[in-house]
Amino acid sequence: SPFFPSRSRPGDIIFFIIVNEFCERFSYYGMRTVLVLYFKYFLLWDEDFATTIYHTFVALCYLTPILGAIVADSWLGKFKTIVYLSIVYAIGQVVMAVSAISDITDTDKNGTPDNMTFHIALSMLGLILIALGTGGIKPCVSAFGGDQFQDHQEKQRSTFFSIFYLSINAGSLISTLTTPMLRAHKCGQTQQDCYPLAFGVPAALMVVALIVFIIGSPMYTKNPPEGNIMVKFGKCVGFAVKNRFRHRSSQYPKREHWMDWAEEKYDKLLIAQVKMVLKVLFLYIPLPMFWALFDQQGSRWTFQATTMNGNFVSTVNPILILILVPVMDSVVYPLISKCFNFTPLKRMTVGMFFAALAFVAAALVQIQIDKTLPDFPSSTQGQVKFINMVNSKLEIQADNHKINLGASEDYLTFNNKFFLFLGPKQNHSVTLDNGTRNTIAITEGSQLEYEKFNDITSKPEKGANAIRQVFSSHFRNLEVHCSDWWFSLCGSAKFIIKDNNGNVCDYTQELGFGSSYTLIIPPTFRFGDCSENITSVMDMEPNSFHMAWQIPQYFLMTSGEVVFSVTGLEFSYSQAPSNMKAVLQAGWLLTVAVGNIIVLIVAEAAKLPDQWAEYILFASLLVLVCIIFAIMGYFYTYIDPAKIEAQFAEMDPEKKEKMKNLEMPRKGSVEGHKEERRSSDSSCDDEETRQTKI
């Protein structure tokens, strides 16, 4: 076949590997899309702790690829590593789905598990297995696909990796669209959000991925393990450090580079290759800060969306990626290159700056959201709202606050205790619990009396609406019926009010996202037109800032990702020896892991009271890192590893000492940049340079 390896029917090999990758990426991103919401709304963790566990999981997913690469290249080979770790992966996804079934321990059928420890333990076990699986197979699948093509099939291999990359983004896009809809379904005996379905479908897709991959086994080329270059790289560096430490005395002559201390054990070609890799790894030092901001799309930005009005916009990122990658390559880069030399390191700097701007945009959005939030009491104060349930206007006094009370009064803040004056000789000492909101209803018996109710102290979650009713003492025999006092969607809620005499009327309350209302049934209530007899008091305003305002920050972040990530991989592989590209891939993935760890450190250490301030802090840190990286890039000298290796191999042993003179002297030169990607030894380069989601 002109496209596929000649030993198999057209489409056979590419079908199994592409379908496997599509299903695996659907499984991973589908689970991750709703993960932080599962932590908050099912496991009932607060946002800070949910964010901590989320980023710990993502960091682990990007640490385990190093382990997977070592196992594949040193012991099991790529095929067995993929199969064994995919089994672990699938088990982890199934465990996550089971952990989300509240009915397992919800014996009292109230919608909340009775044994939360059981569900947390299962969740953590599932996430650890998933991290081992997805991280372990990450460096193996693409390389295994490249192994299926022979050296003369370079064009077919390149086309395969293009389709491979498309399957990654297609799986990511479809999963981020469908998984939130699966979660929105109601399931279980108490009709809760269906996290078992949201996790179960990705689990099923992972099982399908495993089965499809195994079915194609007879047609695969399975190269035996040949030793891991990362292990060899680490041993060479370790020996150089140890040998330099042994000869730290001034009696030993200095060597030009500290890696030259490995010459006693390793050949100079390997040492030269290690030096080239170390130059690039040095540039990696500032990069984790970019990923620290980027991966908060799945945590902080998700929580931000839950306090806004509209539908969730997590699908913006994969859609923009599919649009921006070809636009950048075909339009933006060629136009810029006509004006000045837009080198890879300059592109990466711009990408980091875009990410910082994205967090500035997120901070501006958060400021607008905060303006719509209620003014909740501090931990040492309490708040009270007064409601008049008497058939006349009242004049009351709460400490120094004199109130002419019609239907209701807005919340007032007090320090734990205040005196309520309802009339002559009617002084009451009212105690408030710290940090609480309360409603005091003034009623009429033989004299004015009051009744205190506890109010909710946070916005209703997930855009739901909280509604309660307060009766006048004249209507103790009234009944108010509604299917649910927490309404999950905006629109309207219908109430049926009836008494023991068979009188009935309906009342409809219009709702928004995240609002709270008190329905007052006053002494003047009469059956007939309920809308004229019932007073609705808004305790919390609905979310009024629309989610569409998040689109600019997603656009900036995705633009930064395309410019930074794709260019970074392309630059890295163009500057690395052909046999050490796996080392750079591991180093690149490690920057993602470190970035997620930075989120944990900064968020815990800063303890900022306002979320917008935390966004500005991260943006400021990235701008600082961006400046440092720009300076490092300015002094970086581009090299051509393929030319250096070729000339090195032709030299006599005594001339190899002049290796350092072969570096290209012109800063900003990218000669050999495209040539390196066409090297027959870099079977995964074309795919890896495009890949932003793997």
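The backbone N, Cα and C atoms fix where each Cβ goes, glycine too.
According to TrEMBL:
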COMPBIAS  656-680  compositional bias 'Basic and acidic residues'
REGION    656-694  region 'Disordered'
TRANSMEM  49-70  transmembrane segment
TRANSMEM  82-104  transmembrane segment
TRANSMEM  116-137  transmembrane segment
TRANSMEM  158-177  transmembrane segment
TRANSMEM  197-220  transmembrane segment
TRANSMEM  276-294  transmembrane segment
TRANSMEM  314-336  transmembrane segment
TRANSMEM  348-369  transmembrane segment
TRANSMEM  582-603  transmembrane segment
TRANSMEM  615-636  transmembrane segment
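For the transmembrane segment (197-220), the most Cβ-contacting stretch among 82-104, 158-177, 314-336 is 82-104 (pairs under 8 Å). Of the two recorded stretches, the transmembrane segment (348-369) does not lie close to the transmembrane segment (158-177), with fewer than three CB pairs under 8 Å once pairs fewer than 6 apart in sequence are set aside.
If you look at the transmembrane segment (276-294) against the transmembrane segment (615-636), you find at least three C-beta pairs under 8 angstroms, all six or more positions apart, and that counts as contact.
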